[in-house]
Amino acid sequence: MGVKDLLSRKTGVIVGDDVLRLFQHAQENVFAIPAIMVTSSSTGSALEAARDKSPIVLQTSNGAAYFAGKGKGVSNDGQSVAGSIAIAAAHYIRSQAPAYGIPVVLHTDHCAKKLLPWLDGMLDADECYSKLHNEPLFSSHMIDLSEESVEWNIETTAKYLKRAAPMKQWLEMEIGITGGEEDGVNNESVDNNSLYTQPEDIYTIYKTLSAISPYFSIAAGFGNVHGVYRGDIALRPLLRHLHNAKYDEQLKCLQDPLGFFVFHGGSGSSHQPATSITSEFAAKGRVDLEKVAYLPGTSSLVIAPKDYLMSPYGIPVVLHTDHCKYFDPRVQIREGLKHMSARVQEAKDDFNDSNQAKKLLPW
């Protein structure tokens, strides 16, 4: 089936039923869509890697949005800075994405209890945008109440899904603990046994949320950890099958009964676990790249010509030569972006996402 039969919008930011169809297609064809964290010019490097070939998720976190806007010197009370910058990023991505010939899911990441005002503000923007364009500004949002009780997590997530549902907007929720540290939630010291979500929680989430809307996914704990693994983390994607098998009789459903799963912690995982996760359950895999992939590129333009960088007038041997080109931050940043783009390609290969758009786009 070609993408003309699958998606109503062929390129650019997709929403609603197109997001649902894309994730369904990923499940049926055993690939996961890489979700790439972007901050600024990293948006272009992610799109560059996927150009004409692969669907992609572009997402920003509260921390990244605040970082991009904190230079304004204004208070972030009520998440005003993080909210306004995330909204600005959404408009920027919407303007750029169609040029790359691929479907793009526009997403915001995490959002703990203390950051809910950020989500509230973005939903306000979604509703305003929807009145004008009959679709939300963002394709999807995430709510991460994994630090709270399971009951409050599910109850609050359901409330937000009810708000998003009329816009056919996707909501990703986290249940259980993802190790490491991300966006102000620190689970670096938790016991490994705490990194696995219980089947009964998944079942309760599915029953509760599916009664409201089909536009949701679950970021469950399968031993995954944010950041670079140290070799002592055991990913257990087969737990997904145990979740489904335990409740298959109650649901009596021939299709995947427990919805769509998201794999967090893809940045530091080796290729084999990431590929295994994809083949077992994930329709989306989150990869936080800008922290890891920028450095090799930018540092190569600092370490190698370090003598030139000591003075804009050149090294002592060539006193009258202008070496200002070595100081151009655009050159350094571009080298970092090239490395990031290559890392995005690795993630697409790991998640079996490479050339999926070409498979979907036969023209």
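Every residue gets a Cβ built from N, Cα and C, even glycine.
Taken from Swiss-Prot as is:
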- ASP109: active site, proton donor (ACT_SITE)
- SER61: D-glyceraldehyde 3-phosphate binding site (BINDING)
- HIS110, HIS226, HIS264: Zn(2+) 1 binding site (BINDING)
- ASP144, GLU174: Zn(2+) 2 binding site (BINDING)
- GLY227, GLY265, GLY266, SER267: dihydroxyacetone phosphate binding site (BINDING)
Other CB atoms, at most 10 A from the CB of ASP144 (Zn(2+) 2 binding site): 26
Looking only at C-alpha atoms, tell me how far ASP144 (Zn(2+) 2 binding site) is from ASP109 (active site, proton donor), rounded to the nearest Å. 8
Three states by DSSP: which one describes the residue listed as 'D-glyceraldehyde 3-phosphate binding site'? coil
Please report the Cα separation of GLU174 (Zn(2+) 2 binding site) and HIS110 (Zn(2+) 1 binding site) in Å, rounded to an integer. 8
